[in-house]
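Asks: This is the structure I have questions about; it appears just below.
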Amino acid sequence: MNTVKTVRELRAAIARARGEGKRIGFVPTMGNLHSGHAALVTKAAQRADFVVASIFVNPLQFGANEDLDKYPRTLAADQERLLQAGCNLLFAPTVEEMYPDGMAVQTRVSVPNLSEGLCGASRPGHFEGVATVVSKLFNMVQPDLAVFGEKDYQQLAVIRAMVRDLNMPIQIIGEPTVRAEDGLALSSRNGYLTAEQRATAPVVYRTLQQIGDAISRGQRDFAALVADGQAQLAAAGLRPDYLQVRHALTLRPAMVDDRDLVILVAAYLGNTRLIDNLYVHLDEKTA
């Protein structure tokens with residue numbers, strides 16, 4: 001696996017792969033990689049002949065009081081994990097390489113509607129930063145396909161909409177959330193948790209499961225289910241940011257006759273913000 005730091009080197013390496021008739025897969029990351037990221041690379045390697053990953057902690061998607069400065073940078077360990085997962089090329093640019101004229105004058109990409117509410121409400125500007133950097137990376141790599149984790153459900157929806165609306169010829173593949181044995185969704189930010197907090201954290205997924213089970217049994221009072229779930233999270237010592245039931249494709253608030261639902265949650269455990277989601281499909285008997 002080669003590592004390059006400039007757009008020129010990146011494009012030269014991809015041009016060579018294209019010249020050999022290879023199908024290009026792409027996995028954008030912010031580094032501090034775990035088994036969930038490895039699963040994305042493995043999926044890309046299954047679908048493509050040449051896998052490109054990027055590591056870039058994107059300042060545009062961090063708010064003023066978020067963890068940009070303390071977000072872990074673990075390049076050597078990340079390179080080893082990417083190599084083991086089947087990555088062929090790593091693009092690890094600097095901020096100056098990505099935003100040579102500075103971020104203040106950078107053209108922005110905004111995806112309306114899907115970027116609003118949920119994480120977009122508590123992290124204003126976040127999805128504009130995500131859409132902007134991903135569109136730049138897509139233009140640099142020009143992949144045939146790109147793989148994103150379903151843990152960041154709203155982000156995946158935003159990327160799908162951007163690709164569709166801007167006519168980008170890229171297949172977007174969602175990879176199921178990778179979880180620890182106790183159900184906690186793997187996240188680079190889990191490393192911020194104390195041992196006691198880590199023992200508490202699986203309540204997030206258990207809460208989603210309980211709401212999902214109730215919906216599958218025919219419960220349609222979504223407001224009551226959400227209220228119970230928020231109370232359960234609070235009783236465990238978490239501060240819910242949001243807990244909502246939405247239509248799985250459009251992310252509008254769920255209606256009683258919807259068959260494809262997603263339950264989405266964000267909650268603070270100490271200073272660490274945990275997010276997760278659970279997809280629920282209802283057949284005709286339960287819908």
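Including glycine, each Cβ sits where the backbone N, Cα and C put it.
The annotation ATP binding site is assigned in Swiss-Prot to 30-37, 149-152, V178, 186-189. Under the heading active site, proton donor, Swiss-Prot lists H37, citing sequence analysis as support. Marked as beta-alanine binding site by Swiss-Prot: Q61. Per Swiss-Prot, (R)-pantoate binding site is recorded for Q61, Q155.
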Asks: What's the CA-CA gap between M30 (ATP binding site) and the residue listed as 'active site, proton donor' in angstrom, rounded?
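Replies: Rounded to the nearest whole number, the Cα-Cα distance is 10 Å.
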Asks: Do me a favour and check the Cα-Cα span between E150 (ATP binding site) and the residue listed as 'active site, proton donor'; whole Å is fine.
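Replies: The separation of the Cα atoms works out to 11 Å.
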Asks: Around Q155 ((R)-pantoate binding site), which residues of its chain at least 6 apart sit with Cβ under 8 Å of its Cβ?
Replies: C119, F127, V130, F148
Asks: Could you say whether, by DSSP, S188 (ATP binding site) belongs to a helix, a strand or a coil region?
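Replies: Once the DSSP labels are grouped into three classes, S188 (ATP binding site) ends up as helix.
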Asks: What number of additional C-beta atoms lies within 10 angstroms of the C-beta atom of Q61 (beta-alanine binding site)?
Replies: 21
Asks: What does the structure give for the C-alpha distance between L33 (ATP binding site) and the residue listed as 'beta-alanine binding site'? Integer Å is fine.
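Replies: So the Cα of the residue listed as 'beta-alanine binding site' lies 18 Å away from that of L33 (ATP binding site).
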Asks: Distance between V178 (ATP binding site) and the residue listed as 'beta-alanine binding site' at the Cα atoms, whole Å?
Replies: 23
Asks: Would you mind checking how many other C-beta atoms are within 10 angstroms of the C-beta on M30 (ATP binding site)?
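Replies: If we count other Cβ atoms within 10 Å of M30 (ATP binding site), we arrive at 19.
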Asks: Check each residue in the chain of G36 (ATP binding site) that is at least six apart in sequence and keep those whose C-beta is under 8 Å from its C-beta; list them in sequence order.
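Replies: When sequence neighbours closer than 6 are ignored, G36 (ATP binding site) has G149, K151, T177, V178, A185, L186, S187 within Cβ distance under 8 Å.
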Asks: Rounded to a whole number, how many Å is the Cα of H37 (active site, proton donor) away from the Cα of S188 (ATP binding site)?
Replies: 10
Asks: Tell me, how many other CB atoms lie within 10 A of the CB of E150 (ATP binding site), whichever protein chain they belong to?
Replies: 17
Asks: Give me the count of other Cβ atoms within 10 A of the Cβ belonging to L33 (ATP binding site).
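Replies: If we count other Cβ atoms within 10 Å of L33 (ATP binding site), we arrive at 25.
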Asks: Looking only at Cβ atoms, how many others are within 10 Å of the one on V178 (ATP binding site)?
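Replies: The answer is 18.
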Asks: Given the recorded positions H37, S188, which one has the fewest other C-beta atoms within 10 angstroms of its C-beta?
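Replies: With the recorded positions H37, S188, fewest surrounding Cβ atoms within 10 Å: S188.
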